[in-house]
Amino acid sequence: MHLVRWLICLIQLWIQLGAAGSVTLLDPLLIEIPNGKLRGRDNGHYYSYEAIPYAEPPTGELRFEVPKPYKQQWTNTFDATQPPVLCMQWNQFINGTNKLLGVEDCLTVSVYRPKNSSRNNFPVVANLHGGAFMFGGPSQYGHENIMREGSVILVTIGYRLGPLGFVSTGDADLSGNFGLKDQRLALLWIKQNIASFGGEPENILVVGHSAGGASVHLQMLREDFSKVAKAAISFSGNSLDPWVIQQGLRGRAFELGRIVGCGQASDSVTLKKCLKSKPAIEIVSAVRSFLVFSYVPFTPFGPAIESPDAPEAFITHHPIDIIKRGKFSQVPWAVTYTTEDGGYNAALLLEKQASSGRELIVDLNDRWFDWAPYLLFYRDSMTTIKDMDDYSRKLRQEYLGDRRFSVESYWDVQRMFTDLLFKNSVTVSVDLHRKYGKSPVYAFVYDNPSEVGVGQILSGRNDVYFGTVHGDDVFLIFNVSFVPANRRPDEEIISRNFIKMLEYFALSTDDTMAYGDCVFQNNVGSKHMQLLSITRDGCENKQLNFFI
C-alpha cells in the first residue's frame, strides 16, 4: 500500500515538472524542443546545454540576409555538450598581427540552469555580449558567477559581427543590421523554448554590456520587444552613444568591396553578389584596413538606419526620433556607466611603442586633428574639415587647456573619452525616456576600481591608476579570464548584489528594481535625474540636473 502511494506521489510530481517544461525528474540533461531531443552536461552545481542552433547557418546565399529560423529535425539526440563557437571576427584583444577568430556558422544559444532543490522554475537572464559590434562572443562572458548563486537561468547568444553582421549600403539591397536581426530571432527562440529548460517565459530579463548594452536598447526601441522580454538593462552602452549609429557606412561597404576584389561593383546588388562569393576570412580580415592605428576606430562596422522597404527592416529612424515619437516598447529599462568608462579605448594610448619606447599619447600632440575624429567618432558627422578641426580644437581646450598630451595629462584624456563615448548619452537617453516613455527608467553609476581591468590590458602596464573603467561592474557578474579569480571581499559582496539585482528585476511584479538595500528611483515623472551610486561602501540614491 505504501509503495502504491509512493508511486502515485512520484507520478504527480513528474506531471507537475512536466507541466513546467521538459526537464524530467529522471534525466534533467535530456530536453525536448520542437527540433527534437538534446542532451546537456552535468557540471556539478548546474546543468549546461550549449551551442544549440536557433538559425540556419548564415553562409552561402544566406550571407548578408535576414536570419532564417532553424528548422532541421534531429533524428538522433543533439549533443549540447560542446562549447559555443565564436562568430568570425577581427578581435582587438588578440596579440599579434593576425587577430582572426571564429567561424561563419555560429548562430547558437547556450542555456545554463542551476541545480536548486528549492525551486523547479527560474527567471531568465538573456545576455547580449559586448565587443564593439566587432568581436567577442558568448563564451567570453563566463556563467560561473551566476550559476554559483543558483537563482536564474542564463542564456547566452551568438550573433554576426563586423562586416558579416553589419555591412550596409543604406538601401534595401544590402540593408545591414544582420547581427541585430540575429539577436531578435534568438530572443524569440528563448521566449518559445525556455520553458523546456525550466525557465519562466513570462520573466525574461535581457541584459548587455557595451555594444551588448546598445543592442539591448536598440531591441527595446522596437514596439514588439515586450513580446519577448519583461525588462532590460544596458550596461555602459546605449543606442545614443556616438559609436553606435554612424554615418559613412555606405562608403565603407564599397571600400570593403574594393579591398576584397569587388571593386567593379557600382551598385548594392552587384556588391552584395560579389561579397557573397568571397571567402569569409577575406571579408573579416579586411577590417584591418579600416583601422587608423591599433584598433581605432573600434567600431568601423555597426548598426545602420535602414530603408523602410528593406526586408524585415530592424530600425528605420534614428533612435532619438523613435523615442520622441514614443514608438518603442514600454518595458522597464535601466542604463548605466562607470566613472571611468573611457578607459576603453583611451588606455591604449599609454601603450609604449616598440620602436620608440614612448607612449602613443605623446603622438597626439602632432596627430590630434588626424586621430581625434576616429577616436571619438565624429569623422563622418561633420560637414567640412574645418568643422571637424574646430570641434577637435574645442575638445582639447575644454579638457586639457594649454597642456600637452602626456602620461601626466592622461586622466583628463580618459575623462574626455568617458564623457563623449559613454556618460553623456546616459543623461540624454534617460531624459528622453522620462519625457516620452511611460515605463520606469532607472540609472546607476559604478565606482569601485578592479585590481586588473581593461585599462591594464589595453596599455600593457600596471603602474597607472585608471579608476573604475569599462567592464569593472559587469565582470563581477560575468567572469572573464583576465580578471583575477580571487576577488576582494567587497567585490564578492557587490557580485552577489548585482546577480540578486538581476533576479529581483526579472521577477518584479511592480516594475521596481533594487540593489542591496537600495531601491532604484524612477526617472519617469521626475524633474531631476535619479541616479543610484554604487561603490565598495554600499549604495546611495542621488539627484542630478538634466544637462550635459
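Including glycine, each Cβ sits where the backbone N, Cα and C put it.
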Cys106, Cys262 - which one Swiss-Prot pairs with Cys274 by disulfide: Cys262
Candidate with the highest Cβ count within 10 Å, taken from the disulfide-bonded residues Cys106, Cys262, Cys274: Cys106
Largest tally of Cβ atoms lying within 10 Å of a Cβ, found at which of the recorded positions Asn95, Asn116, Ser210, Asn479: Ser210
Between Asn479 (N-linked glycosylation site) and Ser210 (active site, acyl-ester intermediate), the C-alpha gap once rounded to whole angstrom: 15
Closest of Cys87, Asn95, Cys262 to Cys518 (disulfide bond), Cα positions, recorded positions only: Cys87
Cys87, Cys518, Cys539 as disulfide-bonded residues, winner by CB count within 10 A: Cys87
By Cα-Cα distance, the member of recorded positions Cys87, Ser210, Cys274, Cys539 nearest Asn95 (N-linked glycosylation site): Cys87
